[in-house]
Amino acid sequence: MATWMEGKYVARGQFTGECIAVLTSGGDAQGMNAAVRAVVRMGIYCGCRVFFIREGYQGLVDGGQNIQEASWADVSGILQLGGTKIGSARCMDFRERYGRLKAAENLVKNQITNLVVIGGDGSLTGANLFRAEWSSLLEELVTSNKISAESAKQFHRLNIVGLVGSIDNDFCGTDMTIGADSALHRIIEATDAISTTAHSHQRCFILEVMGRHCGYLALVASMACEADWVFIPEMPPTDDWREKLCHKLRMNREHGQRVNIIMVAEGAIDRACKPITCEIVKNLIVSELQLDTRITVLGHVQRGGSPSAFDRILGSRMGAEAVLALMDADRDPNLPSCVISLDGNQAVRVPLVKCVDRTRQVAEAMKACDFDHAVELRGTSFMNNLATYIKLSKIEQPRQSVMSSENNLRIGIVNVGAPACGINAVIRGFTRLGITKGYKVIGIHEGFSGLVKGDASEIQWADVRGWVGMGGSMLGTRRDTPNGLGIDKVAAKFKELKLSGLLIIGGFEAYECMIELVEGREKYPELCIPMAMVPATISNNVPGTDFSLGCDTALNEITSVLDKIKQSALGTKRRVFVVETMGGYCGYLATMSALAGGADAAYIFEEPFTIDDLREDVVHLRAKIDDNVKRGLVLRADMLINTITSEFIHQLYAQEGQGIFDCRCNVLGHMQQGDRPSPFDRSLGTKFASKAIDWLDEQINANIVQILQSIHQTFMLYINWYCTSSDNLFKYSLELREHTDFVHRLPKEEWWLSLRPLMRIMAKHDSLYESESIMAGTDRK
């Protein structure tokens, strides 16, 4: 299970009298508004005065009306908006000392010594320099009679915390920057749309994506849309790339592919550090292959639109932690300025100086054409993505004679449980990598019930073309388990199909199937083959993993609907919505969508509540709407106490809110499973497939004799991966049983429960918040 460091509890009004300012600088990024909102509301919750600095560093230099005190209501209704409410600008004045001198004067005059800077590497580098010069700036201001000596003494220390807001994801020290996930959404939305017209005309499309000198967006987008080729700065192609590119496109066309997609990062270069542009690639393809080729430059579309659920939650978490980091620094002068970063799934504080220095080293390595070192400096998350892409880019459809050889070992793949977006990405990646390794991949249709009926067939290379972007399960899925169907029948089919390994994709039912198959090995030797499982369920209730495939897509679907529901209340005003989400007994979807959607409450099984709690929330909403807030939003997970249904909550709110607000109820239902997978689910599914086939191949090769002779042997059985940035780790299924609540189909420990107080605080409730961040080094990325 995930291990979390304990932080400090923070109560309302704990830091009364402190002043905090927040600014957004440089290029805007979706999710900045979520961070600004969290800084303001957590600051006010802690008793601080919070100030907006409008127009970034330019507003800090100009002062005056650009520095304004913020209220709770000032950040209401901005969570779902792209860009930044307080404006951003690239400020040349701040690059010079005279500009920083004016900025220091304006901060002192407003009695501000705590600053949250939200921006990219340039903005945070400027913040680092500003803090380093603070003492000398104050001395100069005293000498020129701009401030008094008493003021200089009173405000002698400047505390700065950075939040990385950048779609490029190019800042060292954090796995994800605010805005990168939303930018991926825009890229994939555009690519999916382009693919349909490209298919009609058999065209090749070359897409230029942003990212400056970082290839993250192009790299992940290429995996998420089955691109034929990608050009990124960190991995310049070999000198013969023209021949290889043309060969790959030619082969794909010969095998029936009607569409070719090529991703080009705007900073793409060759081994001689010369730019590779879309025009160069287009001219090559047209001259050598005579393909109808078009260029699409996505441009600032990637910065726009509503933030993804991930960026809203990330911005909220980082903004809240930034306030607490500032308060800690104010009480301990030895603490360095830090950046609130994401390490795997945990917020950490990384020294700002080290982050800036490491980011500078990346630029130097790229300039020196030391690409391997640049990739290493980018961090483990980037390296894992790159390794997966390289593995997939090297494979091509084998000759038919190799694919049809009778000597090929057979690996089965089956789906169990409800459909979830991302499943098809696993099947595609697993199938093609398996075929390349010499296996026959046997697709078992309609779960284990299909297996018992003999509904299984070999999956061919071309069968899975285009599957990464498809929702649901193309193989079909059922909830039946081996014991329910008769494990003797399942074992007989294993023997009949001559399976040497098995991959199960699914949710809690798949987890139960794995355990039943392990327990059946003692009686049925046919089950003694390596098996692995990929967690895939929107409920995110599989023990041993932080994220299951499909839950990110579901979160985005729910968040999008919540935005529309809240929008409807703007016209009617004074309305509270009760919304029921899926998830079974697991409250993940209800809690995280409440945080991403700005809900006032979320009722879940894991956190018991009573009628009195409901009444308190009604009182809270009455006061909120009396205070000129137009709407309220309450979420409920679908499996709670039987008597407290969504309709009961709706009637209670409607009755208690009479004269103040009216109430409506919405049950979202199966639309939460989504249409097309999110970029996260597509890329995660592809990486899961790569890890699964590698492990199964290793186990099969290590035990090849025993498998062929059907010797009774219990191989080590792994269940799934705890998804971190540093690696994808396997877990033993039987070890996980003690961490499982089988009655309610839940893990006994759930990491996201620690975020519930933050959700309540953002909605103006009293709640005891626990800081989740710890101090860490840049080597975590």
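Each residue, glycine too, has its Cβ placed from N, Cα and C.
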Listed in Swiss-Prot for the ATP site shared with Arg90, Cys91, Gly120, Asp121, Gly122, Ser123, one of Gly13, Gly17, Gly27, Gly31: Gly27
Sparsest Cβ surroundings (other CB atoms within 10 Å) among the binding-site residues Ser123, Ser166, Ser539, Gln673: Gln673
Per-residue Cβ crowding (10 Å cut-off), top of binding-site residues Gly27, Gly120, Gly122: Gly120
Closest of Ser166, Met210, Arg212, Gln673 to Asp121 (ATP binding site), Cα positions, binding-site residues only: Ser166
Entry from the binding-site residues list Arg212, Arg294, Arg575, His670 having the most other CB atoms no farther than 10 A: Arg575
Spatial neighbour of Asp168 (substrate binding site) that is closest, considering only the binding-site residues Gly27, Arg90, Cys91 and their CA atoms: Gly27
Val301 (substrate binding site) - helix vs strand vs coil (DSSP): helix
Near-site residues: ATP, ref Gly27, Arg90, Cys91, Gly120, Asp121, Gly122, Ser123, CB cutoff 8 A to centroid: Ser25, Gly26, Gly119, Gly126
Count of other CB atoms lying within 10 Å of the CB belonging to Met210 (substrate binding site): 23
Ser123 (ATP binding site) in three-state DSSP notation: helix
Among Arg90, Cys91, Gln673, which are recorded as binding-site residues, the nearest neighbour of Val301 (substrate binding site) by Cα: Arg90
